[in-house]
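Trainee: Would you mind keeping the following structure in view while I ask a few things?
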Amino acid sequence: MLFQDQDFPALQSLGFSEALLPALQAAPWHDGARLARLCALHRDQLQLHDTEGTLPARVRPELQRQLAAADQSLAVGDWLLFEVDASGQAWAYAQLPPLNRLCRRNPEGFRQPLVSNVDLALLVMGLDHDFNLARLDRYLVLCHSQALPCLIVLSKADLCADLPARLAPLYGHLAHSHALDVLALNGTAAADSAAALAPWLRPGQTLVLLGSSGAGKSTLANALTQSVSQQTGTVRADDSRGRHTTTARQLLHCPNGACIIDTPGLRALQLDADARQVDAAFDDVQHLSQSCRFRNCRHQGEPGCAVREALPEGRLRSYQKLQREVAREQMGPLERREAVSVWKQRSREARHKLKLKHGD
Ligand SMILES: Nc1nc2c(ncn2[C@@H]2O[C@H](COP(=O)(O)OP(=O)(O)OP(=O)(O)O)[C@@H](O)[C@H]2O)c(=O)[nH]1
Ligand SMILES: [Zn+2]
């Protein structure tokens, strides 16, 4: 086996896990090929990290075609096989099937991978204007749909005058969510935030930082890698909307051997999930709905609704909004056309009734 030529512990320090061994054994090894992790991606230019360091590479057209045919594309965190041609150019020619992959839908409805092969997500949200529970619910569904453990990291705690008052609604909101923990910290105090997160950084593990632009992801990445490799941007004081400073997903290394993938802030996170996955991420709704008076209660004002009674309103609103959204996504073009024609028919009828009522 060619991969045994490479230093296995060194591969583990790049986040290689034993669960990938079967895929590695089944992979199409060419003479002289090597295994590397994709650590940055700019259009068709790849930055790979193998046991000897980083190197630029390109994607073989055959791999590109293969991925396109499977409605897939590469993502930071992928494990790739590459070979170097006579001119010294490195070419990635095969991808190990990822163990997990976070994706979103772009505005045109196409699946867009965010990262692959991650062990823990840090959902970063600022305790300034960035704070938004509905957005957090969305990220929680994203992680849950991939069985990915996640930690909620609230940055900018230093800007918060009354932290306990700020956190109370969050605890109520997320009482039954699957988040492992909630940490509030000041990302600019690098040593303190690295210490707070240290228990979650294990050697060989890959973490991904997710959150909107300006939330403080790169600041945290710097704290954790103890470097200034990630440029951070200033946030306009009036609306605390971040400038987009992280332009590509990047894989970084922590001194203790964990890997971190910093991602550019997402303006919108359109879920790539179905109704069942949304249900599964809202355990609290499922649990409470067993006590609703009606078995098919939709928690929309029916009498005896245990969900409306016990769940914070915002959490239920999130659930219903996400369910509507994924239902729309799941419709095929025919169903969508049918839904539109039903809606048009209804509005014609309503207009007709109105005319009759007003007698004109
Ligand atoms: N006071 C305070 N400022 C912070 C904290 N975390 C981040 N900042 C500041 O917020 C701004 C944005 O932080 P970044 O780390 O660049 O945000 P980001 O999430 O990486 O943003 P993108 O790269 O655009 O996705 C910078 O000016 C940081 O110094 C914090 O905990 N407290
Ligand atoms: Zn109900």
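Each residue, glycine too, has its Cβ placed from N, Cα and C.
TrEMBL does not curate its annotations; it predicts them automatically.
Feature table excerpt (TrEMBL):
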type	residues	note
DOMAIN	107-269	domain 'CP-type G'
DOMAIN	116-267	domain 'EngC GTPase'
BINDING	S155, K156, A157, D158, G211, S212, S213, G214, A215, G216, K217, S218, T219	GTP binding site
BINDING	C292, C297, H299, C305	Zn(2+) binding site
Trainee: For ligand 1, pick out the binding-site residues S155, S213, A215, K217, C305 that have a CB under 6 angstroms away from one of its atoms.
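Mentor: Checking each Cβ against ligand 1, the ones under 6 Å are S155, S213, A215, K217.
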Trainee: Just checking: which of C292, C297, H299, C305 have a Cα that is within 10 Å of the Cα of T219 (GTP binding site), counting only these binding-site residues?
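Mentor: Hits: none.
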Trainee: Consider the binding-site residues C292, C297, H299, C305 and say which one has the Cα lying nearest the Cα of S213 (GTP binding site).
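Mentor: The answer is H299.
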Trainee: List, in sequence order, the residues of the same chain other than C292, C297, H299, C305 whose Cβ lies within 8 Å of the centroid of the Cβ atoms of the recorded Zn(2+) site.
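Mentor: Filtered neighbour residues, in order: S289, R293, F294, R298, Q300, E302, G304, A306, V307, R308.
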Trainee: If you check the binding-site residues S155, G211, C297 one by one, which have a CB less than 6 Å away from any atom of ligand 2?
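Mentor: Those binding-site residues that pass the cut-off, since their Cβ is under 6 Å from ligand 2, are C297.
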Trainee: Out of A157, G211, A215, K217, which of these binding-site residues is nearest C297 (Zn(2+) binding site) by C-alpha distance?
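Mentor: Its closest listed neighbour, by Cα, is G211.
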Trainee: Quick one: Cα separation, A157 (GTP binding site) versus H299 (Zn(2+) binding site), in Å?
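Mentor: That comes out at 35 Å between the alpha carbons.
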Trainee: Between C-alpha atoms, which of these binding-site residues comes nearest to C305 (Zn(2+) binding site): S155, G211, A215, K217?
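Mentor: Result: the closest of the binding-site residues to C305 (Zn(2+) binding site) is G211.
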Trainee: Quick check: in three-state DSSP terms, what is S155 (GTP binding site)?
Mentor: strand
Trainee: By a 10 A CB contact count over all chains shown, which of the binding-site residues listed here is most packed: S155, S213, T219?
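Mentor: Max Cβ neighbours within 10 Å, all protein chains included: S155.
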Trainee: So which of the binding-site residues is most packed in, judged by how many other Cβ atoms lie within 10 Å of its Cβ, out of A215, C305?
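Mentor: Of the binding-site residues A215, C305, the highest Cβ count within 10 Å belongs to A215.
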Trainee: DSSP on K217 (GTP binding site), three-state: which is it?
Mentor: helix
